[in-house]
Amino acid sequence: MSENGYTHRPTSVGILACELYIPSLYVEQSSLETYDNVSKGKYTIGLGQQRIAICSDHEDICSLCLTVLSRLLDQTGVHPQQIGRLDVGTETLVDKAKSIKTVLMQLFAENGNTAVEGVDNVNACYGGTAAIFNAIHWIESSYWDGRYAIVVMGDIAVYAKGNARPTGGAGACALLIGPNAPIVFEPGCRSTYMKHVYDFYKPNLSSPYPVVDGQLSVQCYTSALDACYTQYCTKAQMNNESHSNQSSVNEVNLSTFAGIVFHTPYVKLTQKSLSRLYLNDIIRGCSYIPSPLVEKYKGKIDLDSSMNDKELERDLIEKSREVYEQKTLPGLYFSQNMGNMYTPSVYYSLFSFLSSQTNDEQLYGRRILLFSYGSGLASSMYSIICRKVHDSRFTLAQIQKSVKQARHILDNERTELEPDLMDKLLLEREEKDHKAPFTPTQPSEVLKSGNMYLQSVDKNYRRYYEKFSGNNDTTDNKTIQKLYVFAVFFAVLFGAWSPITNKASVDDKFLSLENALTPSNNHQSAYISEKSLYEKQETTHSNHHKSRVLLSAEEYDTHYHHHHDSYLPSNYQYKSVFQQDRTAPGYSHSDSVEKYMNKKVKSKELDKTTDLKRQLTNDLLEQPFYKKSRSNYHINENIVAMDETNEGIDNVLNENKTMKIIRVERTTPAIVNDTLKLSYRKANE
């Protein structure tokens, strides 16, 4: 007898339980339309998307997979020793050699289980389906040892700024696979279509963004759909006949299925896909199709030549609308509100459909058709059957309960970000992608208790994860949103995320342009008009967070320039005692202070008679263009110095706009993680 009590080969192999991951941040697609200055409805109607899920820098593909796997084990009560196979499907790679599956093994090794088969499956969005097939094949094979299999799939779908960005998203799910399942993968009913094509691929290993040929990708998707459906219907018909005692059986067509779900890059594509299957049934002359429609198109339409016929497409969408609304639309809730999740996309659609049904009884014995597609390309069509199980704790009702909990999080426990914040977060992710060492610095309030999160990446690119045990589940979403506003502002200002531990003490009064031009009692430091500001950067040895100190001209002349002479790097061995110990009042001095060098500077109408002469080189005064400056840099009404990496400020400079003063005023000594008070001036329009 096997470990799980089976004395014979397993039957009814399928999904026993599931766990879904819902990222805590999102952006409204309607807001993104306004931000991108596109026509209203382009994303919400044209793509059919409502929201797009966003991940923080605490979340990478490993943390998402660790979270859903950990939660699946906790929720089901399955001990890690009971798992004999673990397959992962993803296209979000953090390492070109080490698999994500091996990262997940830390949850098993700590329980003494290292005998777990399986590795990662990679082919665009198809990897999750390949992982499920491998798990099922293992259980049905002579190598099965009676233990369960788990399939984990997930991706963070991001695109470069442009037309494709609204089709991004993120998600992950973990599925417990075994015999006597309430969701069974129907044996003998599976078709496959694979081909070599460059419709979507990621050749630049230093970038998270894909190369996409949108038109070709839709054509490939449609061709694969046609081929898989034709092949599936033939196989399913033969399978039905071989298991039936009747002389004739009902034909296989769209009316056979209670639900029809697709891989969903964007929702609108599923409506076109359902209408395409409807066209296939028209051409086949299926009995459920109205006779006038069959007479109109049968024998007059060629599948290949009709692919680009927009008039035909619109007509078929309208004719198949009722079928679509009954069998496909209920499966799109997660995709509409999270975006494209790549590998788990079709399974979120399956679970969305299951959770949309009022009770499990109406699903028993019903079939659901699934189409999985991955660019490059690999695709399969297959079906599942919902069944009532006996003498098992794994039921369809339990799966529906788990999915409804995920829907509750989706609807009630996420934080909305504005599109400009999303752009900055994605820019930050792009810049820090595969950087080492690295420590996430965005607000941890986005994490939920029990989430696994990225703690750090060391100098050798080794990633470390921890389970979050904070009490952020009750944190107000508006508070989290405000924290992200501050975090992004500091990122733009400092060139790095600024650590703020006492967030309640941050002054969130952003001065208007009018107020900034007039002294105020609360923000005297905002009025500097003709004063230059001098800046240094500090990095402490305890960690690598960066902070900056701004000194007024008087402070610099009185307390720093006269006593310290030139500003030297911390590792400069000939520093004097004064240079090591003295500093301006109210500011701390760190041994690790480094000089700012190689700053971009652009000047408008520099006055050579001003006292800027003593700090700026003659070359800079003679050539008011972009120059490299090795002095502590200044900001005044006519000159702006900013990090080369700061795209937002560079864009302003490139457009020859004058930048007003931005200043951060410290309310405590300048040590890492200290409290900041913010004053702000807008750029001239």
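Yeah, the Cβs are placed from backbone N, Cα and C, and that goes for glycine too.
The following features are taken from TrEMBL:
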| type | residues | note |
| --- | --- | --- |
| ACT_SITE | E91 | active site, proton donor/acceptor |
| ACT_SITE | C125 | active site, acyl-thioester intermediate |
| ACT_SITE | H263 | active site, proton donor/acceptor |
| BINDING | N163, S217, K268, K272 | CoA binding site |
| DOMAIN | 9-182 | domain 'Hydroxymethylglutaryl-coenzyme A synthase N-terminal' |
| DOMAIN | 183-466 | domain 'Hydroxymethylglutaryl-coenzyme A synthase C-terminal' |
Fill in the blank from the handout: Among the recorded positions listed as E91, C125, N163, S217, K272, within 10 angstroms of H263 (active site, proton donor/acceptor) by C-alpha we get C125
Handout entry: Cα distance (Å, whole number) from N163 (CoA binding site) to E91 (active site, proton donor/acceptor)
Key = 21
Exercise for the section: Counting other Cβ atoms within 10 Å, pick out the least crowded of the binding-site residues K268, K272. Expected result: K268
Practice task
Calculate the distance in Å between the alpha carbons (Cα) of C125 (active site, acyl-thioester intermediate) and S217 (CoA binding site), and round it to a whole number.
Solution key: 13
Completion exercise
Across all protein chains shown, the one of the binding-site residues N163, S217 with the most other Cβ atoms within 10 Å of its Cβ is S217
Exercise for the section: Go through E91, C125, H263, the listed active-site residues, and name the one with the sparsest Cβ surroundings, counting other Cβ atoms within 10 Å. Expected result: E91
Completion exercise
Record-annotated CoA contacts N163, S217, K268, K272; largest Cα to Cα distance in whole Å is 20
